[in-house]
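Okay, structure first, notes after.
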Amino acid sequence: MIVEAPAKLNLSLRVLRRRGDGFHDIESIMVRLPGLHDELEIQAAENDGFSCDAPGVPTDGSNLVVKALNLFRRETGSTDSWNIRLTKRVPHGAGLGGGSSDAAFTLQALNELSGNPVENERLLEIAGALGSDVPFFLGEEVAKVSGRGEKLAVCEPVPAMPVVLLKPSFGVSTPGAYKAWKDSTEIPGIAYGSQAMPWGDLVNDLERPVFAKHRMLAEMKMWLLERPEVNAAIMSGSGSTMFAVLESPDDASTVVGGALREVDPTLWSWSGWTAGVR
Ligand SMILES: C[C@@](CO)(OP(=O)(O)O)[C@H](O)COP(=O)(O)OP(=O)(O)OC[C@H]1O[C@@H](n2ccc(N)nc2=O)[C@H](O)[C@@H]1O
Ligand SMILES: Nc1ncnc2c1ncn2[C@@H]1O[C@H](COP(=O)(O)OP(=O)(O)O)[C@@H](O)[C@H]1O
């Protein structure tokens, strides 16, 4: 079976409080990016096998795909062997949820290939044990999430938006971003406030700690906001991807070209649509 595991964007991300268990309560509107996805090839085999083509992504038991397989086995008591090949297209440490998506779609595919022994509700619980972002990928294309991110609620429809993604060569550690949130301060002159969109507000409370550590992300945001083609610009999740909502999809190459010339010639970029009603 070949499965596509799409990336996500956080259109809004509010950090409410630090909890006793070390996690933070959040509220976030998350959308899938249907055009940007990893690929998982999962086949029954004589012996277990796992490979991943991306340097820097672990291929041992710490890979979220392997963790998902192990949890699925523990849940079902199955001793079946699987060969899993992961082709990464979503950059990691990027705030795009690539690893979480891989985990969710591995769980879903294993369940399907095994004749659906695990009920949906339970699959969502297992997903939550793998990571706060994992349940989202088992739900709708757009959702309002809360708790540490594992509670899903149906969201008012969000229109699909043309976006460009710009990711510098470095990644950002999610635990590090949350840890620095409480005591972080704003850089003067940088716009952190909500950006009103017809469907709601675009905002990210993790910009404050992450920009304090990576000033170039704050500068990239301001550069994007100055472009006439850009309606709004914000960081996704804990970064390091910045995304811009465009006036028109035809503007993508102008914005990406300008960013490569004027901001960072090594930027990774992607343009396409978010999920939603077009
Ligand atoms: C910030 C977000 C926004 O969608 O995405 P990414 O930037 O990672 O894509 C998520 O909250 C990331 O979720 P996820 O990547 O699944 O995090 P987890 O594996 O559950 O947690 C990793 C670590 O991040 C911190 N963490 C995570 C989620 C949360 N609500 N509060 C936290 O404090 C904790 O220190 C935790 O040990
Ligand atoms: N299948 C996977 N894909 C990507 N990263 C993974 C995977 N499994 C484990 N990881 C580890 O998780 C880290 C965060 O990856 P990822 O979920 O893609 O980023 P983000 O938290 O920015 O959404 C990576 O740097 C890597 O070390």
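Yeah, the Cβs are placed from backbone N, Cα and C, and that goes for glycine too.
Whatever TrEMBL says is automated annotation, not expert-curated.
The model shown is predicted, which means the values in this text are computed figures rather than measured ones.
In TrEMBL this protein carries:
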type     : residues                                                : note
ACT_SITE : K8                                                      : active site
ACT_SITE : D133                                                    : active site
BINDING  : P91, H92, G93, A94, G95, L96, G97, G98, G99, S100, S101 : ATP binding site
DOMAIN   : 63-138                                                  : domain 'GHMP kinase N-terminal'
DOMAIN   : 202-256                                                 : domain 'GHMP kinase C-terminal'
8 Å Cβ shell about P91, H92, G93, A94, G95, L96, G97, G98, G99, S100, S101 centroid, ATP site members excluded: A7, V90, G237
Neighbourhood of ligand 2 - binding-site residues from P91, G93, G97, G99 with Cβ under 6 Å: G93, G97, G99
Distance [Cα-Cα, Å, rounded] between S101 (ATP binding site) and D133 (active site): 8
G93 (ATP binding site) to D133 (active site) - Cα separation in whole Å: 13
Cβ neighbours within the same chain of K8 (active site) - under 8 Å, at least six residues apart: M30, V31, R32, L33, L96, G97, S100, S101, D133, F136, F137, S236, G237
Model confidence over the domain 'GHMP kinase C-terminal' (202-256) (mean pLDDT, whole number): 98
Three-state secondary structure, which DSSP defines for S101 (ATP binding site): helix
Recorded positions whose CB lies under 6 angstroms from ligand 1, from K8, P91, G95, G97, G99, S101: G95, G97
K8 (active site) in three-state DSSP notation: strand
Those binding-site residues listed as P91, G93, G97, and which of them has the most Cβ atoms within 10 Å of its own Cβ: G97
Among G95, G99, which are binding-site residues, the residue with the most C-beta atoms within 10 angstroms of its C-beta: G95
Cβ-Cβ neighbours of S101 (ATP binding site) (radius 10 Å): 26
Cβ atoms near D133 (active site) (within 10 Å, other residues, all chains): 26
